[in-house]
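K.L.:
Per Swiss-Prot, the feature phosphoserine maps to S51, S192, S220, S334, S381, S404, S443, S489, S501, S551, S678, S1017 (among others). The annotation domain 'FHA' is assigned in Swiss-Prot to 64-125. Residues annotated as asymmetric dimethylarginine in Swiss-Prot, with similarity to another entry given as evidence: R131. The region 'Disordered' annotation in Swiss-Prot covers 150-187, 211-334, 370-535, 653-707, 936-1019, 1119-1138. According to Swiss-Prot, the feature compositional bias 'Polar residues' maps to 165-178, 288-303, 1009-1018. Residues or ranges marked as compositional bias 'Low complexity' in Swiss-Prot: 252-273, 456-473, 653-663, 971-992. Here Swiss-Prot flags 309-322, 481-491, 677-691 as compositional bias 'Basic and acidic residues'. Annotated omega-N-methylarginine per Swiss-Prot: R512, in sequence order. Feature annotation from Swiss-Prot assigns phosphothreonine to T522. Residues or ranges marked as coiled coil in Swiss-Prot (evidence: sequence analysis): 683-809, 1144-1208. As annotated by Swiss-Prot, domain 'PH' applies to 1256-1370, with the evidence given as sequence analysis.
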Amino acid sequence: MDALNRNQIGPGCQTQTMVQKGPLDLIETGKGLKVQTDKPHLVSLGSGRLSTAITLLPLEEGRTVIGSAARDISLQGPGLAPEHCYIENLRGTLTLYPCGNACTIDGLPVRQPTRLTQGCMLCLGQSTFLRFNHPAEAKWMKSMIPAGGRAPGPPYSPVPAESESLVNGNHTPQTATRGPSACASHSSLVSSIEKDLQEIMDSLVLEEPGAAGKKPAATSPLSPMANGGRYLLSPPTSPGAMSVGSSYENTSPAFSPLSSPASSGSCASHSPSGQEPGPSVPPLVPARSSSYHLALQPPQSRPSGARSESPRLSRKGGHERPPSPGLRGLLTDSPAATVLAEARRATESPRLGGQLPVVAISLSEYPASGALSQPTSIPGSPKFQPPVPAPRNKIGTLQDRPPSPFREPPGSERVLTTSPSRQLVGRTFSDGLATRTLQPPESPRLGRRGLDSMRELPPLSPSLSRRALSPLPTRTTPDPKLNREVAESPRPRRWAAHGASPEDFSLTLGARGRRTRSPSPTLGESLAPHKGSFSGRLSPAYSLGSLTGASPCQSPCVQRKLSSGDLRVPVTRERKNSITEISDNEDDLLEYHRRQRQERLREQEMERLERQRLETILNLCAEYSRADGGPEAGELPSIGEATAALALAGRRPSRGLAGASGRSSEEPGVATQRLWESMERSDEENLKEECSSTESTQQEHEDAPSTKLQGEVLALEEERAQVLGHVEQLKVRVKELEQQLQESAREAEMERALLQGEREAERALLQKEQKAVDQLQEKLVALETGIQKERDKEAEALETETKLFEDLEFQQLERESRVEEERELAGQGLLRSKAELLRSIAKRKERLAILDSQAGQIRAQAVQESERLARDKNASLQLLQKEKEKLTVLERRYHSLTGGRPFPKTTSTLKEMEKLLLPAVDLEQWYQELMAGLGTGPAAASPHSSPPPLPAKASRQLQVYRSKMDGEATSPLPRTRSGPLPSSSGSSSSSSQLSVATLGRSPSPKSALLTQNGTGSLPRNLAATLQDIETKRQLALQQKGQQVIEEQRRRLAELKQKAAAEAQCQWDALHGAAPFPAGPSGFPPLMHHSILHHLPAGRERGEEGEHAYDTLSLESSDSMETSISTGGNSACSPDNMSSASGLDMGKIEEMEKMLKEAHAEKNRLMESREREMELRRQALEEERRRREQVERRLQSESARRQQLVEKEVKMREKQFSQARPLTRYLPIRKEDFDLKTHIESSGHGVDTCLHVVLSSKVCRGYLVKMGGKIKSWKKRWFVFDRLKRTLSYYVDKHETKLKGVIYFQAIEEVYYDHLRSAAKKRFFRFTMVTESPNPALTFCVKTHDRLYYMVAPSAEAMRIWMDVIVTGAEGYTQFMN
């Protein structure tokens, strides 16, 4: 069904507009939905079991193409071709053209154009089912069904070959034999004509008499409809009520080769109760095509009360007049049956349709035996029939419609008897009513079956014909008087013996004889069919063929001949002047005899005219056979001969039987000549018969011969002579009248030709105008198609633009969401980095606190160490002083003992012992390591950046070693080697060592800063930490250095005193003091350290040049004493005492000079140290300021980042709130909320808007709402109640009939219909959604299960309603999140 529901935008829209053009009613019937329209349409049931929708497909005037790729109706299903078939609608008549594809109607396959009838089921392809609905036709059919009658049965009931079909309530067995159809091999046109002719000839044969004696089926108002449900037939009352033509017609299929599609129209049927429905002529049934009759039909005058009949009704009435049983027996058993069938076959040829009329046969009714009684026996003649009105209700379809000619008042009978011409007119319609016209059946197959069954029957013997005198047991109106008169009359006896009367066969060449039945007794009407049927082919005398009839006072012969009657006669007419009434009156008898004589003359004239007609038929058939030259060319002359023999069969049955078998082989001319000779002989016999019949009739009614009567006989003979004279005059008069009739016929022919010319001109104009109308219609259709295509293109472009806009909008939203995600990720990263920095700052502060505490501890330790070192130094100085004094004493004693001889050289031994006592300390290496460890970072310092080694006195090695050990213990930083350091190798008495005074020295701050800045690989925090540590270390060393300087000053003063004491001692020793003896220790006297300054100048200067930062130790010039021995001679020999005083003075001066230099150097060093401290302090301040600035920048950056993050989050929240489809308010749950004040505060003019009634709790007003089940727009009264917390809507403002309720908890969103979704056309099952009445005023209320579309009466009302409803949208819970 998906494919079916894709009914494609183009055709779907067209179908919708087509359906919308006509009135389409949607009616709710309880749970169901009824769709009704007035135009013919198809109801599509889908293409299979999976299809669920029902589609209405309208069938407009013209052609509608159906297929899988058709432009009109596109269907998808198995077996459907692109253009499967098409349906043509011509003024309400719809015809299906299969186009060679698989199509079935009610299960029967269709191969040729077929007319569609109301309610039929179409199957296209394999499983695409469609039901055809024709509302106008259905309405008309309903009007024709009588009250209480059942609905029509299923149409298209197939007729099986070997079964009995119920037709008109009678069982008619069908034989399976099918006549051979002549298939010519030459041209297609000739073969088709011959085939149609053969089928029509085969179909002319009457029913086989196998159903004799069967009782009719149960009567019902409607018979089974074998003709597509179009013929509504009433069953006959008796077996005589069935007509042969109607039985063929009713069992015919929907379309025969010679019938137009419109020929299967329905016909009204009278119910048994006699109720007459309204006018039953539908407007949609067109006239028959001209294959049966010419279009020119003069208007027919009717008596008062006569109603016009459609051609179908007239034709139907023609079928319903059955022949008599005598005719049945005669046509069935005599060779005339075959002749009649062949003649009738010839009349059905479409080639002769406009020229050769159908043969109408007048037959008299004769009683037959029970063996020959047919189901078509009819009531007796209206002249002998008592007034029984019962058959009126059940016989024939048209009995109630046209008034019977016998309903005329008796006055009309008197008028008719005034003149022979009037009698002639009256007779015309008496016989015209008795004329049996045969309708060609529309089913050739049934006709052929009947023909074959007829040919198999043996001919009727004369004895059987004579036995037909007994009355019929099955007569509907048995009349003893009729039976007696039939038995007493000699002429019926002779006619029954011969099989037929002279008037039995009246072949009327009138194509409209079966179609237009003239119920009114006017000559114009009886001539009308003939004028319309001939084109000048026949002689003018043809028109008298239907004038055989009876005047109001008829002879018994004619009365018996008219006993077949017309079934349309509902009531009988009372007989006037019958033979029984005038048997006692001689004048009446003479008048009666005169009338009989005139009748016989008239009948002879009729026979002559019938012969002329037969000759015309023969000529036409011979001409047709010569023109065709087909297979039937040899058979057609025998048709004419057999037809002529049919006229003689009544008088000479044996001769007719004998001649019928052998005459077919004779030549046409010989057979025709013999026929005319036999007919002339039969005329003479007939005249003699009439005379004897009159005489016997007079003899029957004479009571007893008397003398009186003999005189009367003479008078009667005289009178008879007069009457004969009158008869001659009347004959002349009759001839004149015939001439007048011929002239009038010629005039009528001329009139007909003129009218035909005018009609052709009018038809040409009509066709021209019709073509113009068709062209305009095509232009209109093309214009509509173009407009529709343009509209579709615009809609497609709009849809494309809409999709493009939606894609761009979606991409924009994607970009925004991506940017928001990136911002969010960046903000999170910044927040994480900020948190890490804050944690790092906290850790740094903790480490700084730890380092501060460590620095404090180091300072305390340094103070303690300095105090301990000062104590040790004082103790060592006291020991040194004691040892020196001891040494001096020893030297004096040695001098005194040895007589001035010096001590032996023991300097090297002493130094070796000192080396053994003190561990060798690489002071230079320790100094370099200490300075490198105090540097900033792992980068190697250059040799120029590290301070040089300093010379020191050997006596201070132990102290320096201890200070080094303490420094290693208290230093928190690892010491690393800074590379190879320059070392100076001094003399054996001195070594390059670091003095304690150098502890206060450090590299310049510039080099420290440069080194710090050069270490880019260190993190900032580590560099700052190291800088802090370096600063604190420098401060600690500065304090330490100041303490050491003070200590050195004190020691300088003490050394000055000691030097003065030593100089005094040396002076004393030089001036005669005894030398000291050597101590027990064996140590030689220690050489003064000032001698070290008298080393070679080059070495001293080289060391000074190599070490620019090095200076002399403060102890180097603290002694004022002079050394006793210089160089390697340390003894104070007496030889040198003379020059010692001069040298001592020079040394003292030099020492003072050196002391001054040392003081100057000391001051310079102090100033430089102060400058360094100041620079270091400034650098620290700058670093502190820079760090504070960086921290402030970091704090401001983090604050700004925090503000940015908060701002972004706020922006997103704001955008999210703005993206809500709600208006600017959220649902308000407060109980004391004033709705009117709230709406007025929003800027709405409530008082000026007349469409809304607003109070503090309730809002009321009209809105147009789209329905849920049926998508149509209805005006509803809406009530928004905050007390009940509902939005309900009613039919009107009385609020009595509630249509629906929307609870506040279900309302999710209220928004303007900006997408115009309510204005788009869509399909909901098979109902169409019409677009919004005003899309600009449409808004939507979304609930959990449905979306309501509402249209406000004005823009202000729409805004008020949206703001009102949104205060109750409690289903919108997103804002709570």
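Using the three backbone atoms N, Cα and C, a Cβ is placed for every residue, glycine included.
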K.L.:
For the coiled coil (683-809), would you mind checking the mean pLDDT of the predicted model?
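P.N.:
It averages 86.
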K.L.:
Can you count helix, strand and coil residues in the domain 'FHA' (64-125) using DSSP?
P.N.:
0 helix, 28 strand, 34 coil
K.L.:
Among S51, R131, the modified residues in question, whose Cβ has the most other Cβ atoms within 10 Å in this structure?
P.N.:
S51
K.L.:
Tally the residues of the domain 'PH' (1256-1370) by DSSP class, grouping H, G and I as helix, E and B as strand, and everything else as coil.
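P.N.:
Counts, helix then strand then coil: 21 helix, 50 strand, 44 coil.
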K.L.:
What three-state class does DSSP give the residue listed as 'asymmetric dimethylarginine'?
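P.N.:
DSSP call for the residue listed as 'asymmetric dimethylarginine': strand.
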K.L.:
How big is the gap, in Å, between the Cα of S51 (phosphoserine) and that of the residue listed as 'asymmetric dimethylarginine', rounded to a whole number?
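P.N.:
The residue listed as 'asymmetric dimethylarginine' has its Cα 15 Å from the Cα of S51 (phosphoserine).
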